[in-house]
Amino acid sequence: MAAPAPRLISVFSSPQELGASLAQLVVQQAACCLADAGARFTLGLSGGSLVSMLARELPAAAAPAGPASLARWTLGFCDERLVPFEHAESTYGLYRTHLLSKLPIFDSQVITINPALPVEEAAEDYAKKLRQAFQGDSIPVFDLLILGVGPDGHTCSLFPDHPLLQEREKIVAPISDSPKPPPQRVTLTLPVLNAARTVIYVATGEGKAAILKRILEDKEENPLPAALVQPSAGKLCWFLDEAAARLLTVPFEKHSTL
């Protein structure tokens, strides 16, 4: 069994400082990936509070790179709710409105689900699109995945004690019984999450403190979904604000612009 990915925990004094640093890291990762002619940068996005955080910080951070650089980005989604893109619960819809409208990124650069399909077919269709975008990879290898973590320890649409945690064959799985609405979703599976070159978890607020202590410090017999993300050949980073990190006793790096 491969050794767990090296883990870096960074703690910021506020969500605003965290967001600014996250945006800079995305841009730096992109620049490293695009240093070779003909290369591209592949980014997997999650929803929730990450949408507003990236919408606030990423356009300005990415502006110096220019449209030619951003034209070499490919975006996908770590999970998605099976609702129309115009629906308030659509992760892609929210990013399209609040972030992508501010960036010179074309629809052809964004890999989305087809929300008109039944959930099983939507998962198969999204998997097919990913395989087309990541030709040559038996499992899609994203340069960077940005993940959130729920107060129950879920990440993407992988929930505690759910059978999808055992999925090893599919790269995308349907879920029809999500404990968090809406119930029908499409999610990347653990093999894809663990194939990424870099994974960044983002968590803010005191409401995440207890679950983060379990994920980052406890050795549980039945690990929470977020604790199962251990990139086999990549980096694992945690970006937390002080409120979310308040119960941690493990070493972490403290960041502040004050």
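Just so you know, glycine gets a Cβ as well, placed from its N, Cα and C.
Pulled from Swiss-Prot:
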MOD_RES   ALA2  N-acetylalanine
MOD_RES   SER49  phosphoserine
MOD_RES   LYS180  N6-acetyllysine
**OP:** Using a 10 Å cut-off, grab the number of neighbouring Cβ atoms around the Cβ of the residue listed as 'phosphoserine', all chains included.
**Re:** 15
**OP:** For the residue listed as 'N6-acetyllysine', write down the residues of its own chain that are at least 6 apart in sequence and whose Cβ falls under 8 Å from its Cβ; none is a fine answer.
**Re:** GLY150, HIS154, PHE159
